[in-house]
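Undergrad: One structure is given below, represented as structure tokens, and several questions about it will come after.
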Amino acid sequence: MSEDHFDDELDGQGGGGSRHPMAARFRGYLPVVVDVETGGFNSATDALLEIAATTIAMDEKGFVYPDHTYFFRVEPFEGANVEPAALEFTGIKLDHPLRMAVSEETALTDIFRGVRKALKANGCKRAILVGHNSSFDLGFLNAAVARLDMKRNPFHPFSSFDTATLAGLAYGQTVLAKACQAADIDFDGREAHSARYDTEKTAELFCGIVNRWKQMGGWEDFDD
């Protein structure tokens with residue numbers, strides 16, 4: 001299915017009158033920052049262990065900012081692979097008594113409910129995933145949606161905003177920690193590889209780049 005199909009779908013859903021500034025900024029798409037921590041690199045076989053999502057909002061001057069963060073530790077799905085090296089890298093302890101993990105279905109149902117609420121508040125029709133190396137996060141999100149046979153996924157199935165690419169353009173850095181440093185965003189390496197922390201820092205980075213572009217005159221509030 002082509003990008004043009006989704007563009008036509010969004011245009012067809014638009015009503016009369018002026019659009020919400022956020023909907024006008026991203027052509028009806030709402031940026032939602034997502035980060036996942038996993039049991040490996042294969043979205044079809046490896047466990048989803050943590051997921052966080054931060055919705056993005058816009059102030060009255062047209063500048064964007066991180067709004068609300070949803071975070072869940074997730075139980076590996078039945079038969080999921082978990083690589084020991086992945087646990088060592090992330091520091092996740094599956095048997096920790098305070099981990100309090102939930103099922104994939106519980107996590108995604110709650111996140112999707114919050115995203116749909118944000119879509120309505122911003123006059124948008126579909127969410128677009130923002131991630132640092134976003135294809136990885138979108139791949140695991142889509143794999144979980146397919147496993148659960150979820151019919152109401154608010155995210156675009158293949159388009160995304162990649163902050164590794166955007167940060168490379170804006171700051172000459174593609175590593176999240178270094179990109180944040182270049183953007184004067186505090187980054188604690190001891191907190192890295194937590195889905196919540198990485199999502200919130202990625203959201204700050206994304207908003208900073210979008211706002212910087214606006215300040216430089218790269219985007220004006222118009223509706224074509």
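For all residues, glycine too, the Cβ spot is worked out from N, Cα and C.
Straight out of Swiss-Prot:
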DOMAIN    32-206  domain 'Exonuclease'
BINDING   D35  Mg(2+) 1 binding site
BINDING   D35, E37, H193, D198  Mg(2+) 2 binding site
SITE      F41  site 'Important for substrate binding and specificity'
SITE      F89  site 'Important for substrate binding and specificity'
SITE      F136  site 'Important for substrate binding and specificity'
SITE      F158  site 'Important for substrate binding and specificity'
ACT_SITE  H193  active site, proton donor/acceptor
Undergrad: Would you kindly give the Cα-Cα distance separating F158 (site 'Important for substrate binding and specificity') and E37 (Mg(2+) 2 binding site), rounded to the nearest Å?
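TA: Here the two Cα atoms lie 20 Å apart.
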Undergrad: Just give me the nearest neighbour of F41 (site 'Important for substrate binding and specificity') among the recorded positions D35, F136, H193, D198, Cα to Cα.
TA: F136
Undergrad: Measuring C-alpha to C-alpha, could you say which of the recorded positions F89, F136, F158, H193, D198 are within 10 Å of the residue listed as 'Mg(2+) 1 binding site'?
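TA: So the list is F136, H193, D198.
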Undergrad: Give me the count of other Cβ atoms within 10 A of the Cβ belonging to E37 (Mg(2+) 2 binding site).
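TA: There are 24 of them.
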Undergrad: Pick out which of the recorded sites F41, F89, F136 has the most other Cβ atoms within 10 Å of its own Cβ.
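TA: Selected residue: F136.
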Undergrad: Using only C-alpha positions, which one of F89, F136, F158 is spatially nearest H193 (Mg(2+) 2 binding site)? These are the recorded sites in the record.
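TA: Result: the closest of the recorded sites to H193 (Mg(2+) 2 binding site) is F89.
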Undergrad: When you rank F136, F158, D198 by Cα distance to F89 (site 'Important for substrate binding and specificity'), which of the recorded positions ends up on top as the closest?
TA: D198
Undergrad: Of D35, D198, the binding-site residues given in the record, which has the fewest other CB atoms within 10 A of its CB?
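TA: If we count Cβ atoms within 10 Å for the binding-site residues D35, D198, the smallest count is at D198.
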Undergrad: Which ones in the same chain are close to F158 (site 'Important for substrate binding and specificity'), with CB under 8 Å and 6+ residues apart in sequence?
TA: L138
Undergrad: May I ask you to report the DSSP-based helix, strand or coil state of F89 (site 'Important for substrate binding and specificity')?
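TA: Looking at the DSSP assignment, F89 (site 'Important for substrate binding and specificity') belongs to a helix.
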Undergrad: Determine which residues of this chain, when D35, E37, H193, D198 are set aside, have a Cβ within 8 Å of the centroid of the Mg(2+) 2 site's Cβ atoms, and list them as they appear in the sequence.
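TA: Along the chain, the qualifying residues are V36, E50, A52, T90, A192, S194, A195, R196, Y197, T199.
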